[in-house]
Amino acid sequence: MGSVQIVTTILAAAITAVAVWLAVRAVMKMTAVIRLGQPAPERFADKGARTKKMLVETAGHTRMLKWSVVGAAHWFVMVGFIVLSLLVLEAYFEVVTPGGGLPIIGHWTIFGLATEWIGILGLAGILVLMGIRLRNRPTRPGGRSRFTGSTMWQGYFVEWVVLLVLIFGFVIRGFKVATDHFEYPVWATPLSHAVGAALPAWTAGVSVAAVIKIAISMTWLIVISLNVTMGVAWHRFLAFPNIFFKRDPEKAAGSGLGPLRPMTSEGKPLDFEEADPEKDQFGVAQVEQFTWKGLLDFSTCTECGRCQSQCPAWNTGKPLSPKLLVLSLRDHAYAKAPYLLAGGGKDLTGEEKATQEQLAGVDVLAMAEADRPLIGTAEEGGVIDPDVLWSCTTCGACVEQCPVDIEHVDHIVDMRRYQVLIESSFPSEAGVMLRNLENKGNPWGAPQNTREDWTKGLGFEVPRVGEVEDFEYLFWVGCAGAFEDRAKKTTRAVATLLNEAGVSFAILGEGETCSGDPARRIGNEFVFQMLAQQNVETLNEAFEGREKSKRKIVATCPHCFNTLGNEYGQLGGEFEVVHHTQLLAHLVAAGKLTPVQPVDGGVTYHDPCYLGRHNRVFAAPREVLGDAIQGELTEMPRNSERSFCCGAGGARMWMEEKIGKRINVDRVEEAMSTGAKTIAVGCPFCSTMLNDGVNGKGAGEQVEVVDVASVLLRSVKPDAPAGEKETEAVAG
Ligand code: SF4
Ligand code: SF4
C-alpha cells in the first residue's frame, strides 16, 4: 500500500464511520416516529400478495411508467442505484489498492458488462430527470408546476450526487484501463475504455477517484441522515415497505381508492352502538392519531408533485394540494415527535398525558409544535387550513397518480371525521344535507312517498320487490335518480332499456334510502352507518336465500354503486353491484338491445371519478357510446385514469365553491374544446355539475349534457325525438 492509498483508506474509513453512525441514528428516529401511529393490524394480512405486488410495482415501475419518459428514466436510475451500490462497495477495495475489486464477481466479464451498461443508461436517465426538474422548476417563467412547494435543493442535491457517483465510476475504471489494472474486454466496457484512453497512466488516480466517489456517496448519506424528512432521498428505502403495506395488495392500481376504511380506534373498527368519544378515537385530531401506515405514507412522499398536478382543487386555484397536505403532516409529525417520544400527548378528554418532569427536557420548538391544532387557520397556527380540508372532492386523482401508493383520501376523510363528529365544524351549507339525510333519508329532503314518481307515465309497469315472484336485478334508483329532474330522465331511460331487453328487474321504491355516500365522504360516519345499516337490512331481506352471485344490483349513480358494492360488505351486506353502463354494454353485446340509428354531432365522455378511477370502469360506457354513435368517441385530453373531476364528489355537491375557478367550468371548457355536441356522463352529480357549467357559459343551446343511457335509448328507439321521450314522460 503506497502513501496515497494510506491516506485514501483513512479518509474513506473516517467518512464512512460518521455516515453510518448518523444513518443508524436516523433510521432509529424514523422508526420511532412511525411507531407513534395507531395500530393497523390488517396491513399484515396477505403477505404473499403484498410481496408480489411490491416486487411487481418496484421492479416493473408499473405506477411510474404511466409517465413514460420520466418512468423509464427513473427505472434506469433506480436499477443503477441498486446495482451500482456494488461499485461503491468495490471502491473500498480500490482505495486500498488500484487493482482491487470485488471478490469473485468483480472478476466476471458479465459483471463488468452489466455494470457498464447500467451505468451508461443510469447516466442518460439522471440527465433526463435533471432536465425535467429544471424545465418544471417552479421559478420558471409561466407559473406553477408539479414541483411548486417541493424542497427543490433536495431534489437537485440527490440528482447531482447520482450523476457524480456515476461519473466517478467511469473515472475509476478509466484510470484502471490507463494503468493496465482493468480486466474487462473493450466489447463489454466500451465507455470505460474510451475514458481510459483520455486519462494519464496515473496509478494513484484509481484510489483518489475511488475515495472521491466514496466521499460523495457518504456525503449523501450524511445529508439525508441529518434530514429525516427528505423524502426525495428516503423514498429509495421507504417506498418498498409503503407499497408492501398498501391498503389492498390485490388491486392493480389505486389501492387507496374505492371503499373508505371504517373508523377505527386502537386498530379495531368502531361500533357506534357502544363507542364513547372519551374512550374511543373518533377520526383524527392529532397527527399521532393517524395509523403508523399514515405516518409511513407521509415519510415516503418523494415530493414529485404528480398528485398535485392532477388535483382538481389545486388546478382551479384552491389552497389544497395533496402533496403540500402530505408534506405539512410529515413536517408536523417529525417536529412534534420529541414531545410525543418523551411521553407527551393529549388523551381523548384533552388532558396532557406526560408529567412535567417527562417534558422538562423537550425542545421548546417541539413543545410549540405540539400546541398547534391539526386543523386550523394560519392565525390559529393550524397545520392544515380548513379551506384545504374542505376543498377535496375525494376524486382520487392523487391516489391514482402517486408512485409510492400514498393514501391521501383516507387521511383527508379521517381528519374530516373528527371535525364533523366531535367539533361539528364543517361548511355550514352542508348542514342542510346532513339534516335531510337524518330526517328524510335523502339529501334533498324530498318526501319519501315521492320516490316512485319517476315511474309515472312509462308505458310499462315497474315492478317492486315483494310484488314480483322473482327478479334478476334489483334496480337501485338512488336519491338523485328518484328526486332530481335530470337524473330522473336517466332512471327512466335505464328502466325503458331494461324492459326493452327483457331483463327482469325490480325496485325497492319507498323502501330505499340514501346509500350514505355524502355523509361518509363529508366525515359523518354516524349518519352513514345509520343509513347503510337500514339499507343492508332491506337488501338482505330482498335477497333472502340467495347466494352472493345472485344478489345482483344495478345502480345508475356511481356513488351508490361504490358504496353498495364496496362498503356495505363492512356492515354485512354482500352484493354483486354493476353500474348501468356495464349492464347496458352487456345487453348490447348479447344482442338484446340493438342500436339502429347513429347519434351524430360528436360525443365526448366524462368519466365519473367513482365509476372510473375508484372502480376502474372505463370501457363499458365507451362501448355503449361507441355502439350508439356507431363511430369513435371524441376523447377529452384528460380522460380515463386521468379524468378531471366535475367538482361534486366528497360531498362537495352540497358545499359552496367560493375559492378559485369553478371545477365544473374548467371541465366543461375542456369538453367543449373537443367540438362535440354531446357530453355524455354516467353519474347524476356529474350531469348536474356539467349542465350547470354549460349553462353558465351560455352554451345550453349548442351543447347537451346527457347520460350514456339516454344516448343509447335514442339510438335503440329513434322513433322518439332525441331527449323528448324521457323529458315528456318525466313531465307527465
Ligand atoms: S382526492 Fe382529488 S381533490 Fe382530493 S386531494 Fe386528491 S386529487 Fe385533490
Ligand atoms: S404523488 Fe405521492 S410521492 Fe408524489 S408528491 Fe404526491 S404524495 Fe408525494
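The first residue you see is number 1, and the count goes up from there.
Glycine is no exception: its Cβ is also placed from the backbone N, Cα and C atoms.
Remember, TrEMBL labels are computer predictions, not curated facts.
Small disclaimer: the values here were computed from a predicted structure and weren't measured.
The annotation transmembrane segment is assigned in TrEMBL to 6-28, 72-93, 105-132, 153-172, 192-212, 219-237. If you look up TrEMBL, you'll see 292-322, 380-412 marked as domain '4Fe-4S ferredoxin-type'.
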The transmembrane segment (6-28) and the transmembrane segment (219-237) contact flag, 3+ Cβ pairs under 8 angstroms:
yes
Best-packed against the transmembrane segment (192-212), counting Cβ pairs under 8 Å over 72-93, 153-172, 219-237, is stretch 153-172
For the domain '4Fe-4S ferredoxin-type' (292-322), jot down how many residues DSSP puts in helix, in strand and in coil.
19 helix, 0 strand, 12 coil
